[in-house]
Amino acid sequence: MNLITKRIKGTQDLLPDKSDKFEYVESVLKNQAKLYGFRLVRTPVIEHTVLFERSVGENSDVVSKEMYTFLDKSGRSVTLRPEGTAGTLRAILENGLHNNLPVKVMYITSCYRYEKPQNSRYREFFQFGVETFGSKSCLADSEIIFLVYSIFKKLKVQNLKLEINSLGCSECKKKFNNDMKKYLEKNFDNFCGICKERMYRNPMRVFDCKNENCKKNLKNAPIVLDYLCLRCKNHFDDLKKILDLEKVNYIVNPRIVRGLDYYTKTVFEFIDNKSEITVCGGGRYDNLSEEIGGPDLPSVGFGLGIERLLSLVKDYDLEIYPKVYISIIGEKARFKAVELAENFRNNNISTEIDILNNSLKSQVKYADKAKAKYCLFLGDRELENNFVKFRNMVSGEEKEIDMNNILNYVK
RNA sequence: GUGGAUAUAGCUCAGCUGGUUAGAGCGCCAGAUUGUGGCUCUGGAGGUCGUCGGUUCGAUUCCGAUUAUCUACCCCA
């Protein structure tokens, strides 16, 4: 085969084999979130570019080099969403939902980032996320962490670790960044080029560098947690207390800072022990609403990578098999078979029928592969005497059933 | 953007230091079994050997370029 074109780099075709699993996981995500009181929102894939510049942060890698941004026909700069939070918050504010607090919403959407694809990393990927708006309380933080936990439990995903940290409010962040900058400047020559740039734009992010040398030089660097004001410290301590009470295991890692600029106070990541890949990341973003022109609206949420989650889900249960297969023997039976099939389907019985004009043998073979429960045979003999031959595909048992009674039989 | 690997049938892959007609397994279709799946046997369909160029009497094989895929880094879900 020589197609004129293939799928776009970093995108995936979701074929029936995998889509069953996708549907299953999606239903678990939605059901668990509903248990916690989150309701679904859908926002457009496409937003004005400025929304992401302001929220995710112009200096972040996501905005500065990974966005699908283009001018539409009227010359407006628009962007395919690179994450779910900004659009969700925009929609909440624009539609005035923040007048009834708290607002708890979830979303499952595709996101787009123009980067080089690799393991568990795509240009089009699916994100599940929840956001709680209007609560300063660490109960809101713990609630979403419990939700993630319950999802993994339900899906039987194990070997994940939870790392948490607190970045503090804007005051704490500012003080820390100042000292961090001083520290980095003192050791300026010991850091790699990227870090050197970062120390001026967003010093905290130097912690994300994986360069061994840089890591070494960070050993005596200031620690965010030492800079928390009393309120932030209490918030973080309370969160830990609640997690302890519910026996949720976590590691405090003062080095996780996250790449999206909007995070404040609590941040957390669920990391797969084997691959070290972050499956779920989130935290608090109390200033984001004001950043995009909204009121003071404390918020907390997370994003969870569906593809990454799918690769961790081993077994799942989803009945998708047709119940009945109708095999057709000879020309005359075709119309009767169609009539029967439609009758079954109208009665909520999933039914398949030969549409390839295949031999009877391959028809039954197909029924077997499709895992149909029953196979019906319709040929001249049956038509003449007004019955249907009925075969139980599991036991192999066969019966002749009166045509007028067949519906009750397959039910 | 930087590094590594790969590209042969629908899928997974063989193909020796270059040599007639490019193979296997699985899958698909058919027959053995003239109206019946799972097991077995037999046959069949299906390939511009990623693309372009070079070396050669001759290239799937060697060389160059290009594209695509995978993978590591950066970053993130």
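Just so you know, glycine gets a Cβ as well, placed from its N, Cα and C.
Site annotation (TrEMBL, ligand L-histidine) includes A:Glu83, A:Gly84, A:Thr85, A:Gln127, A:Glu131, A:Arg258, A:Tyr262, A:Tyr263; from A:Arg113, A:Arg231, A:Arg334, the additional listed residue is A:Arg113. Shown in sequence order, A:Ser55, A:Gly129, A:Glu131, A:Tyr262, A:Tyr285, A:Leu288, A:Gly301, A:Gly303 are the residues of the chain, 6+ apart in sequence, with a C-beta less than 8 angstroms from the C-beta of A:Thr85 (L-histidine binding site). In the three-state DSSP classification, A:Gln127 (L-histidine binding site) falls within a strand.
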